[in-house]
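**Student:** The disulfide bond annotation in Swiss-Prot covers CYS83-CYS165. Swiss-Prot lists ASN4, ASN159 with the feature N-linked glycosylation site, giving sequence analysis as the kind of evidence. Positions annotated as S-palmitoyl cysteine by Swiss-Prot: CYS302. As annotated by Swiss-Prot, topological domain 'Extracellular' applies to 1-14, 73-84, 149-176, 255-260, with the evidence given as similarity to another entry. The feature topological domain 'Cytoplasmic' is assigned by Swiss-Prot to 38-48, 107-126, 198-230, 284-317, with similarity to another entry given as support. Among the features that Swiss-Prot reports, transmembrane segment is placed at 15-37, 49-72, 85-106, 127-148, 177-197, 231-254, 261-283.
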Amino acid sequence: MPVNSTAVSWTSVTYITVEILIGLCAIVGNVLVIWVVKLNPSLQTTTFYFIVSLALADIAVGVLVMPLAIVISLGVTIHFYSCLFMTCLMLIFTHASIMSLLAIAVDRYLRVKLTVRYRRVTTQRRIWLALGLCWLVSFLVGLTPMFGWNMKLSSADENLTFLPCRFRSVMRMDYMVYFSFFLWILVPLVVMCAIYFDIFYIIRNRLSQSFSGSRETGAFYGREFKTAKSLLLVLFLFALCWLPLSIINCILYFDGQVPQTVLYLGILLSHANSMMNPIVYAYKIKKFKETYLLILKACVMCQPSKSMDPSTEQTSE
């Protein structure tokens with residue numbers, strides 16, 4: 001979309017300001033998430049390892065993606081492949097988030113489906129393999145345009161390799177719509193919705209059976225129900241934040257027109273998702289809220305770190 005290169009509009013100034021604020025909140029919030037998991041041995045379980053992976057992706061969004069998005073919004077003239085690599089980095093961490101969410105959903109499904117065998121199935125080695133696979137897939141999907149699926153035009157004029165860096169100047173929209181969105185965002189979202197539907201179905205059946213069984217079994221599935229609701233909310237917020245921008249990309253691909261302000265709002269909403277998860281954890285997971293408060297108290301009151309030792313309260317894996 002044409003943008004005046006001689007001056008930065010108020011829309012751009014507002015966009016950049018909000019990007020910076022969102023980035024700072026995302027970094028601080030997700031560093032706290034990792035800190036909480038580190039402080040609480042009861043949270044150092046399979047699910048929370050994947051939550052840490054999600055937090056790392058969100059930190060990367062704040063540290064790398066948002067500054068790069070600002071550079072791209074300004075249309076700075078750089079080499080084609082430098083611009084392309086910047087846009088690819090932005091995609092990598094989006095897919096790292098969706099892969100982490102998928103891993104979390106699969107883990108919760110195994111937790112309620114294979115209650116007895118769960119610990120034997122989710123070994124430390126398999127957890128690390130799953131984490132590695134999540135990030136490997138994210139890098140492969142995000143870097144695909146670097147291997148040829150891009151807007152590069154063959155030309156003998158070397159000057160044409162430098163251009164104002166804009167997302168659509170280097171990134172092909174058929175890649176964004178069919179490969180990135182349909183295949184690697186929409187399909188995993190549908191799969192995760194099906195997984196959570198099955199999780200709630202299993203929990204409901206087990207809870208109904210627990211009335212005639214042990215109280216311990218009922219308590220276990222009650223905790224699993226609360227945990228599943230919290231993680232489903234995280235998934236819902238991801239879909240709510242990312243689908244508008246994906247729909248905008250579809251409109252642009254099919255030659256539709258989208259006002260620059262609407263495009264900025266879509267980008268900001270997608271980036272805002274990176275700062276939402278820490279808030280959800282604090283609101284829905286008691287152990288997170290307690291440790292957030294302990295960390296805040298330690299920072300404000302300058303108390304020694306030993307005062308932040310977590311309580312021995314049990315937490316669902």
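Just so it is clear, glycine is given a Cβ too, placed from its N, Cα and C backbone atoms.
Keep in mind that what you see is a predicted model, and the values were worked out from it rather than measured.
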**Student:** By DSSP, how many residues in the topological domain 'Cytoplasmic' (107-126) are helix, how many strand, and how many coil?
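**Tutor:** Its residues divide into 14 helix, 0 strand, 6 coil.
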**Student:** Six or more residues beyond either end and a Cβ under 8 Å away: which residues meet both conditions relative to the transmembrane segment (127-148)?
**Tutor:** 46, 49-50, 53, 57, 81, 84-85, 87-89, 91-96, 99-100, 102-103, 170-172, 175, 179-180, 184
**Student:** Report, as numbers and ranges, which residues of the same chain sit near the transmembrane segment (177-197): CB under 8 Å and 6 or more residues beyond its ends.
**Tutor:** 91, 94-95, 98-99, 101-102, 105-106, 108-109, 141, 144, 149, 228, 231-232, 235, 239, 242, 246, 249-250, 253
**Student:** Which Cβ among the disulfide-bonded residues (CYS83, CYS165) has the fewest C-beta neighbours inside 10 Å?
**Tutor:** CYS165
**Student:** Going by DSSP assignments with H, G and I as helix and E and B as strand, what are the residue counts for the topological domain 'Cytoplasmic' (38-48)?
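**Tutor:** Per-class counts: 8 helix, 0 strand, 3 coil.
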**Student:** Where does CYS83 (disulfide bond) sit in the DSSP three-state scheme?
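**Tutor:** Reduced to three states, the DSSP call for CYS83 (disulfide bond) is helix.
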**Student:** Who are the long-range neighbours of the topological domain 'Cytoplasmic' (198-230) in its own chain, taking Cβ under 8 Å and residues 6 or more past its ends?
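**Tutor:** Same-chain contacts beyond the ends: 47, 105, 108-109, 111-113, 115, 280-281, 284-285, 316.
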**Student:** If we skip the immediate neighbours and take only residues 6+ beyond the ends of the topological domain 'Cytoplasmic' (107-126), which ones have a Cβ under 8 Å from one of its Cβ atoms?
**Tutor:** 46-47, 50, 195-196, 198-199, 202-203, 206, 220-221, 224, 227-228, 231, 317
**Student:** Treating G and I as helix alongside H, and B as strand alongside E, what does DSSP give for the topological domain 'Cytoplasmic' (198-230) in helix, strand and coil?
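**Tutor:** Summed over the topological domain 'Cytoplasmic' (198-230), the classes give 29 helix, 0 strand, 4 coil.
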